[in-house]
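See structure below.
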Amino acid sequence: MSVTMTLGQLAEVLGATLKGPEALQITGLATLQEAGPTQLSFLANPQYRKYLDNSQAGAVLLKAADAEGFAGNTLVVADPYLAYARISHLFDPKPKAEAGIHPSAVVAEDAQVDASASIGPFAVIESGARIGANVSIGAHCFIGARCVVGEGGWLAPRVTLYHDVTIGKRVVIQSGAVIGGEGFGFANEKGIWRKIAQIGGVTIGDDVEIGVNTAIDRGALSDTRIGDGVKLDNQIQIAHNVQIGDHTAMAACVGISGSTRIGKHCMLAGGVGLVGHIDICDNVFVSGMTMVTRSITEPGSYSSGTAMQPLADWRKSAARIRHLDDMAKRLQQLEKRVDTVTSGGLPTSEG
């Protein structure tokens, strides 16, 4: 789908100050390096400032300070990246699904599907499920018994919702995501693992986004819960009984063990792992590949592990780490000897 808007229209949408011709046609968005004369770009990161003067973009979203001295067309805004985020949807070429149920879809007789919803080819909607207004269910999706998908939801092809999953409004779920799979619960009987039925469900709030191949397990007794506005990247594992607070964001490959609770407005970078049964307070940032082994009670930034270094240096550091315990013992012995020498009856300035 091709979209064209004028600079004047974009300025009105954003409440921006326009420097340039209102009638200039904008057909899309691109980076400063790649944008052409009918495309809009933006400068949000100072490290890309070097590309601004030579950009061929038809116009650029800029802060007032960056717009000073720039000869090209500009839309001056307080936050160029946020402005870009807002107008990106105007130029999104994603196909719009048409309302209706595809003939190949299998829909239970007692399932409730709003007339404005779109149900794609070979989708399955089981007994008691409810699909809200303007929901789009992609091809080959599975919606289990008694699931609820709130209005405006968008499920890409091959999303799986097991039974008793409740999805809020305007939720986006990407392909391969599995919501409501059985949690990893077993009891050990003399070395043999006995399965524990996972009889809870999953409850997901409004405006949540769930990435490709992410798994959210159902609760053992009560629901696993994802708060409003949570953003989950690809290949994240959320175990049974986990609770995630509103507007928390997680990058790819985060793994959260069972019954851990994460607060609101937290950010977990890629590859972070959390053990089970801990609490993370609000407004916490955890850097990539950190292993969180205990509760965090104070807002702030946290890290673990070692940063990248040349291989030879890393090998030396690793070798030293193996000897830390022995070195600590030797240091304690040395401190005792120093104390003995310095306090062994020698004269002092007061003696």
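In case you wondered, yes, glycine gets a Cβ from its N, Cα and C as well.
Look at Swiss-Prot and you will find HIS240 tagged as active site, proton acceptor. DSSP assigns HIS240 (active site, proton acceptor) to coil, not to a helix or a strand. Using a 10 Å radius centred on the Cβ of HIS240 (active site, proton acceptor) and all shown protein chains, the other Cβ atoms total 26.
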